[in-house]
Amino acid sequence: MKVSVAALAVLLIAICYQTSAAPVGSDPPTSCCFTYISRQLPFSFVADYYETNSQCPHAGVVFITRKGREVCANPENDWVQDYMNKLELN
């Protein structure tokens, strides 16, 4: 009986430790852009996009190509803004 109570106590402590290890509401960035594509992608290659997390060191737009590749682009470029607007309308 003492073994099972001890095991239960250790398990409970481990669970409590895991839940308190990360601050509440922390959302680590899943992908960040550290370099941008140097040329404009053909719009016909682009299937979707998402913006990088605000916790990333640099703002970025990640275009997902029709082949499933992810390409980082500078959100300050005019063509990037144009593609984002076109994709939002579809």
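Counting starts with 1 at the first residue shown.
Every residue gets a Cβ built from N, Cα and C, even glycine.
For 1-21, the entry in Swiss-Prot reads signal peptide, with the evidence type similarity to another entry.
According to Swiss-Prot, the feature disulfide bond maps to CYS32-CYS56 (among others), an assignment based on similarity to another entry. The Cβ neighbour count for CYS32 (disulfide bond), using a 10 Å radius and every protein chain shown, is 15. Secondary structure from DSSP puts CYS32 (disulfide bond) in coil.
Annotated disulfide bond per Swiss-Prot: CYS33-CYS72 (among others), in sequence order. Around CYS33 (disulfide bond), the same-chain residues at least 6 positions away in sequence with a Cβ under 8 Å from its Cβ are THR52, CYS56, HIS58, ALA59, GLY60, VAL61, VAL62, CYS72, ALA73.
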Mapped DSSP class for CYS56 (disulfide bond), helix or strand or coil: coil
